[in-house]
Each structure stands twice: as structure tokens, then as C-alpha cells.
Amino acid sequence: MKDGGRVLPGLRLSLGLTLFYAGLIICLPLAMLIIVGARLGPAEYWAVVSSPRAVASYRVTLLSAFAATAFNAVYGFLLAWALVRYEFPGRRLLDAIVDLPFALPTAVAGIALSGLFAKNGWFGAPLGAIGIKVAYTPLGIAIAMAFTSLPFVVRTLQPVLEELDGAIEEAAATLGARPLQIFRRVVLPVVVPALLAGVSLAFARSLGEFGAVIFIAGNQPFVSEITALVAYIRVEEYDYPAAAAIATVMLATAFVLLVAINALQAYARRHEALR
Amino acid sequence: MKGGAGGRRLVLAIVLVLTLFVVIAPVSVVLVEGLSRGVGAFFGALGEEDTLAAIRLSIVTALVVVPINTLFGIAAAWSIAKFTFPGRKLLLSVIELPFSVSPIVAGIAYLFVYGGQGLLGPFLEEHDIKIMFALPGIILASTFVTAPFVARELIPLMQLQGNDDEEAAATLGARGFQIFRRVTLPNIRWGLVYGIILCNARVLGEFGAVSIVSGTIRGETNTLPLQIELLYHDYNTAGAFAAASVLTLVALLTLAAKVALEAKVGRGQAGR
């Protein structure tokens, strides 16, 4: 690796191509978005991003994403745990199924969930009978977000759980620790960094999710309208500067989360290396 | 954990029931709704003119985007995995950026480059080149969204394999592309195939970014996912679920390919 640059050919060509592509396809559009957003000027920018409808959409998006992520933290953990620790028929199939939400296009997930939770749907009918409404509510949004972001939690936890030494847990058990105690004192401390990283990835994905959500959300302003849709509607109204302003809020949030996730993952790796 | 067989059974039961409800039910409902009216009705729905046009458009988009991102992925992986240079880590972060950006944000960003009021808008209009609300816009937005797929598979794989083989080949007088084709490619081919399959699946399924830049003109700029939305809002449920079944089958094939490739590449590589 050290002297690679001197012997191997192709650095100029491959790096040139990469920089050209990264500049044209990735950096230029994002830079333009920021420039157009900035062109609004502070007062107008603030007026757009703090308008009641936008703020309501932040609340809906954040709360739904939070609920979805909390659910996935528990479900994803149990799923990863079962996949790593238990031997059972169909384990490999279950492992493959975990990736379905990534493989399934979001629009397909969207109509699937809205079909399931429709008034006469498989889930919508029985839930409706006991008075729970999912479609056209923030609960529906949370379910769509939970579906699309599940693999992040499972796939981040799996390698860490695989390295977790069952011997320490057994030692704790021999010394008289109860299962919940073992979980809290032995398993959790090791797993927490990876769990946080996976959960943040899922949360970030949920905040940006569009396709899966809009079918089931009902998209009622102030009630079940996500931020991505507010930006989309501004585009449809040809109000491009406002669309840019809201999009930059989403972009900035994604950046902050990305930095946090990178830090968490670095911490998780250090944590692993120390063991 | 020494929770005993009881605890184990409880956890397993919870996991299986939740997976049935959360993951398996949505996929099943698409296939059931799509195929419940019989195979004839299924193909009838797909054979509708606008849906056929959407399928064609999606395939054309994939045929352009996947090779572009494959080429880019190989170039990026070669430069980042085989060499060290200042800003290497930054470049890696930039390449992975599209994964963190909401597709809606990506679509809007492209409007400001190629749209009427965008950076290149006046120039494009003057030369009568249409990018937004046309095929080129769909291709560009899809390219952005799927940019990292191939590179992200190849970089760890190439780093793991090191440079020794390539350096030996170079010392023995092999030329650049010869080294890549004869020495590197055989080592990375399954990772490459895997990245291409993932990229392809995502191009075919992309919704948010494309919905901004396509203009959703019926029969013209509707990709298959956009067509699903249109049919669904037209209360053509049968047509929507038939179209969705096609994409679901693509997703299932992608997963099958993933499982098959994992056996070849090893879990760590194709796992993420």
C-alpha cells in the first residue's frame, strides 16, 4: 500500500475520472441547492423554514421517525440476537428476509402498506374493528419508516453480536447473575455503541423517507404531512427558492446525523478493538 | 445467555411473529393483490400502453445508469483502494454522500442545475436541449442516487486484497488495463457483480428523486415506480399491484442473487 503510487499505473486516469464524476454528479447539484437557498437572504429564508406548515411537518417527521426508530431498536435487536445466537430451521431464510425492505422499491412498500392498513385491508379491518386507525395518521407514517429502516439496525448489530463472547455471560451466570442482570451488565455495555450507530442510521433514513410514506400518510397539512412532501409541494407550485430552503434544512440535518454516525461507528470500532 | 430454553423460545416467537407482520405481510400483499385476479389479468394490466411505456423507460434508464456507475465505481475503487493521496478520506465521504441525502433533496438539487431557472437553464434553453422533465433528467437523478453502490462494494474488497499481485504484474511488464483485467478483476468479480445487481435494483425502484425531475408525463416520462403511484391514485388498484408485483419480483431476485453471491464472496463483503 505504501509505495503503491510509484509502481501501479492508472492513478491519474482513475482519480481524474472519479473527481470529474464526483464533482459533476454529486457536488455540483448539492452546491447549487445551497447557493439557491442562501440567495433567499436570512429574513426570507427564516420565514420559509419557520412557517407554521413547515414546522408542523418537522414535528410529524421527527416524532414518526423517533417512534419508528424506538420500535426498530427493540425489534432489530431481538432479530439480530436471534440470528446470531440461535440455531433454528429457516435461520438463513430469515437472515435474507431482513434485507427485503432495502431491496423493495419504496413506492412498492408504500402501496403495500397502504393496502394492508386500508379500511378493508388485512390489518386495517381488524384494527378498525377495535378502533385503531393507522392509514392517514402519523402512526401509519411511523410504520412505513419502521419498515424501510429496519435493516440498518440489524446489519449494524450483527457483526458486534457475533464477536460478543458467550463465555463472559456464562461466567456471570455461574456467579449467580440473573438473565436480565447479565443482559444489562454484560451484553448491553458492549453492544451500545453499535446499537446507537444502527439506530442513528435508521433515524436518518426515516427522516428522508418519501416513497413509502406518502401513500399511507394521507398527507394532510399540519397533521400527517412530512417535510420531504412539503419540499415536493413547493416544487410543484414552482416556488423553487422555498423548496431549496426546506431542502437545505433536510440536507443540514442529514449532515449532522452523518457526522454523529461516523463518530459513533469509529467509537464502536475502537471499542471492539479494545476487547 | 443462560435464559434457558423458555427465554429462547419466547424471543424467537416474538421475532418470527413481528417479521411476519412487519416484513413478510407487505411483500405478500403485493403479490396476492397483483396475481389474485389471475395470470391473464396480471399480464393484461402490464400490457396497458402506459404501463408498458413505463417498463421500457425504467429499463432504458437502468441500461444507461448501471454502466456509468459501474465504470465510476471501478475508477473510484482503483484510485481510493490502491493509492494514497491527500484528501482520500474526504473523497470517500463525498462518494458515499448520496446514501445520506434524501432522494427528494437530490431531485430538487438537480432542478437548480438543469432546470429552467437553474445554473445551466438559459444555456440549455438556448440550444434547445431538454434535460429536466425528460429522459436525461431521470438518468442524472438515478445516477446520483445509485452512485455509491459499486464503489462501496469494491473499495473494501480491493483494500483487503492489497497491491502485491498487481505490483508483481507491473514489475513483470504488464500494462495498466492488462493488470486490471488479468489480476484485479478475477479477485473482485463477485463483489463487482453484487454491486451491479444492487445498483440495478435501486435504479429500477427509485421514486423520490425521479418524481421531482421526471415531470410525470403519462406514457412518456413515467418510470415504473411513478406509474405505480399514478395507477394507485387513479383507483386502478389491480394495475398498480400488477406493476408493483414486477418490481417485487425484481427485489426477490436481487435477494436471491445476494444470498448466492455471499456464499462466494464471504459474508463480510457482501453483507452490508
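A Cβ is built for glycine as well, from the same backbone N, Cα and C atoms used for every other residue.
Under the heading transmembrane segment, TrEMBL lists A:12-40, A:60-84, A:96-118, A:130-154, A:186-204, A:210-233, A:245-268. Marked as domain 'ABC transmembrane type-1' by TrEMBL: A:58-261.
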Within-chain partners of the transmembrane segment (A:245-268) [C-beta distance under 8 Å, separation at least 6 from its ends]:
30, 33-34, 37, 40, 45, 48-49, 54, 58, 160, 193-194, 196-197, 200-201, 203-204, 207-208, 227-228, 230-231, 234
Please report, as numbers and ranges, the same-chain residues at least 6 past the borders of the transmembrane segment (A:96-118) whose CB is under 8 Å from any CB of it.
79, 83, 124, 127, 134-135, 140, 143-144, 147-151, 154-155, 209-216
Beyond the flanks of the transmembrane segment (A:210-233) by 6 or more, those residues with Cβ under 8 Å of it:
52-54, 56-58, 60-61, 64, 105-107, 109-111, 113-114, 117, 134-138, 140-141, 143-145, 147-148, 243, 246-247, 249-250
